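Chemist: Here's a structure for you.
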Amino acid sequence: MKKQIIERLTRYVKIDTQSNPDSKTTPSTNKQWDLLNLLEEELQSLGLKTDMDEHGYLFATLESNINYNVPTVGFLAHVDTSPDFNASHVNPQIIEAYNGQPIKLGESQRILDPDVFPELNKVVGHTLMVTDGTSLLGADDKAGVVEIMEGIKYLIDHPDIKHGTIRVGFTPDEEIGRGPHQFDVSRFNADFAYTMDGSQLGELQFESFNAAEVTVTCHGVNVHPGSAKNAMVNAISLGQQFNSLLPSHEVPERTEGYEGFYHLMNFTGNVEKATLQYIIRDHDKEQFELRKKRMMEIRDDINVHYNHFPIKVDVHDQYFNMAEKIEPLKHIIDIPKRVFEALDIVPNTEPIRGGTDGSQLSFMGLPTPNIFTGCGNFHGPFEYASIDVMEKAVHVVVGIAQEVANSHQSYK
């Protein structure tokens, strides 16, 4: 199976599917259609019924081969790649039996070094796919696409493996936070689903951040600096003051585990106007709300000293902790745990310090935990994929389908 995984992943990563946060269309880039159309053809060649809408949401159905009712399970992956780094002319390199030493990435002068990326020590002896140092790899999330495709093909090639109805979904624009925005849960028509969009072997994630984006706009008063005393209000200084009043230790670079943070993503402006772009993250809903409240309080504390109330704060909730929707449905986690155990994989249920499409889908009525793909260092030239772990992920897809069928009961 490793050969087929390498061939399929190579085929997919060479297609540039980078999304664009500045676009107003869905998909945000036309080039995502290139992979979506290919996947539709490949699914149809496997005998699956497909359905792709005008927004690039490709759904397919593998019909049940049993004569009793079990839940319909879905498997999801996104086709777009991150806008954070070059995604064109991807030239994947294969490292056989990785020896644990630094890997020179093509002619780029970049080195994939286990001293810098210690998770590489977990894949010694594996076959790896890496970049040539000039682009990201796109294993996030084309590895997930491969694992679903290979899992479906395996089930078709082994009709003795019993399974219920399986729904497949390949979606656009996850990397820019819009993956579920046009996702039609009723059209997908699954009882629950799994995103194949994790990283290290064993990841089984059903806790995510609560997330919001915050725009702080500071309005100044521009006066000639030679006569500015008691008249000028410098918007840049207001922005600096605002940021200084947030807890300095509650930032991404000083937090881990369940610790939340404020993250200043961008700060631009001049004397007349300055804009600060933040994201807020916290696993705890109460603390999440307190973080938003704290930013409003800082605004008020500064504005009280000025006649024109110079600071505005706009908050937009992005997604919420999917544990709220998944934990009451214990079987959705128990199923992959049993599959992991059968494959000698130790489950790692640590919370995601981020979000997946499943974070939003779970609140849209489709509970969707996240499962490992075997890849790491996403969104940059040091991205890699372990073909060995990807093979295990394929067997997880197969195992979940089999486990649902073998349970002989409906979890609806």
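Backbone N, Cα and C atoms are what each Cβ position is placed from, and that goes for glycine too.
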Chemist: Out of His379, His395, which is the one Swiss-Prot records at the Zn(2+) 2 site of Asp140, Glu175?
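Modeler: For the Zn(2+) 2 site that includes Asp140, Glu175, Swiss-Prot also lists His379.
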Chemist: Please pick, from His55, His78, His249, His263, the residue that Swiss-Prot records in the Zn(2+) 1 site together with Asp140, Asp197.
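Modeler: Looking through His55, His78, His249, His263, the residue Swiss-Prot assigns to the Zn(2+) 1 site is His78.
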Chemist: For a quick check of packing: other C-beta atoms within 10 Å of the C-beta of Glu174 (active site, proton acceptor), how many?
Modeler: 25
Chemist: Between Glu174 (active site, proton acceptor) and Asp80 (active site), what C-alpha distance do you get in Å?
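Modeler: Cα-Cα distance, Glu174 (active site, proton acceptor) to Asp80 (active site): 7 Å.
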Chemist: If you draw a 10 Å sphere around the Cβ of Glu175 (Zn(2+) 2 binding site), how many other Cβ atoms fall inside it, taking every protein chain shown into account?
Modeler: 24
